[in-house]
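Data block below; observations after.
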Amino acid sequence: METVLYIAVFGALGCLSRYYLSGWVYELFGRAFPYGTFAVNIVGAFCIGLIMEFSLRSALVSPQLRIGLTIGFLGGLTTFSTFSYETFRLLEDGELLIASANVLFSVMTCLVFTWLGIIVAKAL
């Protein structure tokens, strides 16, 4: 039951974080490209690398906390479904170049940021 509580609490925090972070990014950069979704997914990619690597090396992160942070918080923060929908809408609007850039940049950047999170965790 403790694990479920961690997931629920951190999930709510992750959802709220996505709402505010993506909204802020859209205010800064506009909506010509799905910048808000891109930003939350990059942050999530970095955090999953950091959390998973750190939790494997340290007893400071309990299994329940790790699950709460990754499944709960990062599950609420990141969004593959919105990424898919926004990319589909770009394709539907004839924006093949922007849609392709979104797929390429999102996947490659998230992989790089996951790796950076792992590097940072190893340095801690």
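In case you wondered, yes, glycine gets a Cβ from its N, Cα and C as well.
Under the heading Na(+) binding site, Swiss-Prot lists Gly75, Thr78. Per Swiss-Prot, transmembrane segment is recorded for 4-24, 32-52, 67-87, 101-121, and the stated evidence type is sequence analysis.
Contact check: the transmembrane segment (4-24) against the transmembrane segment (101-121) gives fewer than three Cβ pairs closer than 8 Å, residues 6 or more apart, which falls short of the contact criterion. Annotation for Gly75 (Na(+) binding site): same-chain Cβ neighbours under 8 Å, separated by at least 6 residues, are Ile7, Gly11, Gly14.
Sequence-distant neighbours of Thr78 (Na(+) binding site) (same chain, 6+ residues apart, CB-CB distance under 8 A): Gly14, Arg18, Val40, Asn41, Val43, Gly44, Ala45. Secondary structure at Thr78 (Na(+) binding site), as computed by DSSP, is coil.
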